[in-house]
Amino acid sequence: MAFNTITFLQWAVFVAILFNMNLHSASAGSKGSSAQQSSHDSIKAEFCETNCTMKTGGKWTQCHGGCFCVHVGNETVGRCIKLDGDYDYPSSKHEE
């Protein structure tokens, strides 16, 4: 029986799939941290005492004390949260 090109390609694809699965399972089972975590660079999220709701016009009620509204999907009730930490959002304005 002759070893043809189609059989060779099928074996090559099979070996590539097995190799890829082996690499994926090895990295997925890793318990180590990919980067050192520092409390200096962390962000702390806290729930505020108030909730926020969507008004009939589609606008949300304001959160106070440095908090902002977070809601899920099409929910009309959300929670006010506050972020505290070392974070820097990119700005579209030119910095001087």
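Cβ atoms here come from the backbone N, Cα and C positions, even for glycine.
Marked as signal peptide by Swiss-Prot on the basis of sequence analysis: 1-28. Annotation source Swiss-Prot lists disulfide bond at C48-C67, C52-C69, C63-C80, citing similarity to another entry. Residues annotated as N-linked glycosylation site in Swiss-Prot: N51, N74.
Positions of the features from Swiss-Prot, shown on the structure.
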residue : record                      : Cβ neighbours (10 Å)
C48     : disulfide bond              : 17
N51     : N-linked glycosylation site : 14
C52     : disulfide bond              : 20
C63     : disulfide bond              : 20
C67     : disulfide bond              : 19
C69     : disulfide bond              : 19
N74     : N-linked glycosylation site : 6
C80     : disulfide bond              : 22
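Among the recorded positions listed here, namely N51, C52, N74, C80, C80 has its C-alpha nearest to that of C67 (disulfide bond). Using CA atoms as reference points, the recorded positions C63, C69, N74, C80 were checked against C48 (disulfide bond), and the closest is C80. Separation of the C-alpha atoms of N74 (N-linked glycosylation site) and C52 (disulfide bond): 13 Å, rounded to the nearest whole number.
Between the CA atoms of C69 (disulfide bond) and C80 (disulfide bond) there is a gap of 4 Å, rounded to the nearest whole number.
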